[in-house]
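Peer 1: Annotated domain 'CAAX prenyl protease 2/Lysostaphin resistance protein A-like' per TrEMBL: 104-194, in sequence order. What TrEMBL records for 7-24, 30-49, 61-86, 106-124, 136-154, 160-178, 185-202 is transmembrane segment.
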Amino acid sequence: MKDCTKDWRLISSIVLAHILLYITFSDKDIFWYIYTAANLFFISFAIVSEQIDDKQKTSNYLLYGILSGLALYGLFWIGDWLLSILPTNWDREVSRIYKLYSPEFFWHYIVLILVFIPGEEIFWRGFVQKRLSIYFNQWTALIVSSLLYASIFIYADKMIWMIAAFFAGICWGLLYIWKKSIPMLIISHLVFDLLVIVLLPFR
């Protein structure tokens, strides 16, 4: 087994991701500015470091992307319902996240669609998960990359956000293993985010 600790691109990018997200969540008033910058960094770093996988026809990645985005929303809807009956404060955390970080201005929606969503998929699946698969089997790479993806949300101080990110990371990571198509993941993530944040939010 190769030693991933010697992969300076992988290690440095994750460290930088944590630094950027620490700054992002340090003040909600700068969230949209700094997270935009962070995702532009994610996109740039991934593109110069790895080839972006796209092994599906356009019709295929659109179909699978839309269906998987709808399915993931359905799973999160069930999860949100469970939160309402569980004896935890996670239900209130979800409401707090919506209150603090929902888009307010038109440019928020633009960067959500054009920067946030592509940035997360290109970096966390197209670079981190792909890079980890060099050093581990694909299932270990899936779990580790999903944990790393979730870990950056620790600075939001909302445990439910980390859990949601890990679960979503597993789902999109499985899709990546299955179809090896970053455009498909971007479509899936887009459909999911539009439903959760814009069209049919849980709060």
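Using the three backbone atoms N, Cα and C, a Cβ is placed for every residue, glycine included.
Note that TrEMBL annotation is computational and uncurated.
Structural setting of the listed features?
Peer 2: Mean predicted confidence for the domain 'CAAX prenyl protease 2/Lysostaphin resistance protein A-like' (104-194): the pLDDT average there is 97.
Only residues 6 or more beyond the boundaries of the transmembrane segment (7-24), in the same chain, are considered here, and those with a CB under 8 A from a CB of the stretch are 30-31, 34-35, 37-38, 41-42, 45, 49, 123, 127-128, 131-132, 134-135, 148, 151-153, 155.
Below 8 angstroms of C-beta separation, residues 13, 17, 32, 35-36, 38-40, 42-43, 45-47, 52, 145, 148-149, 169, 172, 182, 185-186, 189-190, 193, 197-198 of the same chain, each at least six residues beyond the ends of the transmembrane segment (106-124), sit close to that stretch.
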Peer 1: Ranking 30-49, 61-86, 136-154, 160-178 by the number of C-beta pairs under 8 Å to the transmembrane segment (185-202), which range is first?
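Peer 2: That would be 61-86.
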Peer 1: Going by DSSP assignments with H, G and I as helix and E and B as strand, what are the residue counts for the domain 'CAAX prenyl protease 2/Lysostaphin resistance protein A-like' (104-194)?
Peer 2: 83 helix, 1 strand, 7 coil
